[in-house]
């Protein structure tokens, strides 16, 4: 009995120490927000009452787990909900981590599952009126619809010269995992201007806030711009080659000679059936019992190929075949020579950019609230374990203790389901192929073709039997771009300066801009027994 008491006491002490350590971990690192949704969100999160946002949020368990989250419960709805922080969080001092889990329990064909980190209410919004126009500092998370397939990171930055807030989009963001498992997304903002994007704890993207290679438009404008008032001189000749003005058309050049002529050497094959038609009435066709000649007209049997023509060398009127005319030369053109007046491709001269400014660090706006504002065609999207912290160890600890156990269970269940269906080997191979293809889509020199590659991959996911064909197609795209890079191509005459995007009501590239496609009614049934004339 005493031994049992000692064991119970030791166990209680261990639990107490673990509890104290956990609390100290969060106390020491000044965790700004941690929302586990273990309790109902009522009274802590505010559901928007703005017109049109009628999606119902629910406090539900993640499928197959005892862990609760915030659930998008209905498809084809707009959703908005927000939680205010006790105090606005500054993004200017030290490292800041933004992390949350989401699970697309029914997949995602068209919709977003991202978070918005909102500015203080002095910027012009109220929690019950939270909508897509509410001003935010950062938007972060997955979004997928049509050719859009990305883990957004958008910074709204105040232009120090104009005072306008401009959306700066992360270039070449990671793709959204293509399954129904729980995934955790992490954005790490560091004081040296570095940004890291992690998916399931693995780094998928590293960027610099002040680099023009990483954000579009760049936070720091170009020092010079093409002079908008500069005009190409009238005598500026951009033609590298010109027709030889001294060239003369040869006397024997016949421009009227046809490209093809009849082959006079051709002879009609022996046994040719001149009197047999190429098509005959189908002998097996019969007039339908419900055919009404007053309504449908006189019934005629459909035509079919004449079997006699197939047995013999041919039938019908025989005509000599055509052959290329050896005298054909086509329209005469003077040969091209180097243009002695060629001055190159004209472009306006560069002038100092009047909107140029320098930054040592982005002027991050503080975060006063976290909101979810989406328009989605899918239900079953579950949000959980939303974190804002200053210590990377906290984010890592939460991933290990909350996300990893759930993910492992879901992964094993997925494997068991595939094995039971007898598709484990093929399914595993295809998943590896898809993973590689999505990684290929992130290669920077393929950026112009990313949407096309993603479209091909998504098509293969819906029709796994064409996986190899899609793989070949992607390889062709890569080789084409690679060869173009090696051998070069024509460049645009004038490089246009990207126009800053002022603060707008909708976020570029997000699924909220995707309108629902109208379904076209099926055409009326057409009777086809009677041959068309």
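Keep in mind that glycine also has a Cβ here, set from the backbone N, Cα and C atoms.
Because TrEMBL annotations are produced automatically, they should be read as predictions rather than curated entries.
Per TrEMBL, the feature signal peptide maps to 1-27.
Its own atom aside, the Cβ of residue 110 (disulfide bond) has 19 Cβ atoms within 10 angstroms in the protein chains shown. What TrEMBL records for 110-145 is disulfide bond.
Assigned with DSSP, the residues of the region 'Disordered' (209-320) fall into helix, strand and coil as follows: 9 helix, 19 strand, 84 coil. Marked as region 'Disordered' by TrEMBL: 209-320 (among others).
Annotated compositional bias 'Basic and acidic residues' per TrEMBL: 229-251, in sequence order. Tertiary neighbourhood of the compositional bias 'Basic and acidic residues' (229-251): same-chain residues 332-339, 341-346, 348-349, 493, selected by CB-CB distance under 8 Å and a gap of 6+ residues from either end.
Feature annotation from TrEMBL assigns compositional bias 'Acidic residues' to 252-265 (among others).
Among the features that TrEMBL reports, compositional bias 'Acidic residues' is placed at 272-283 (among others).
Feature annotation from TrEMBL assigns compositional bias 'Acidic residues' to 290-299 (among others).
Residues annotated as transmembrane segment in TrEMBL: 465-487.
TrEMBL lists 493-533 (among others) with the feature region 'Disordered'.
Residues annotated as compositional bias 'Basic residues' in TrEMBL: 524-533.
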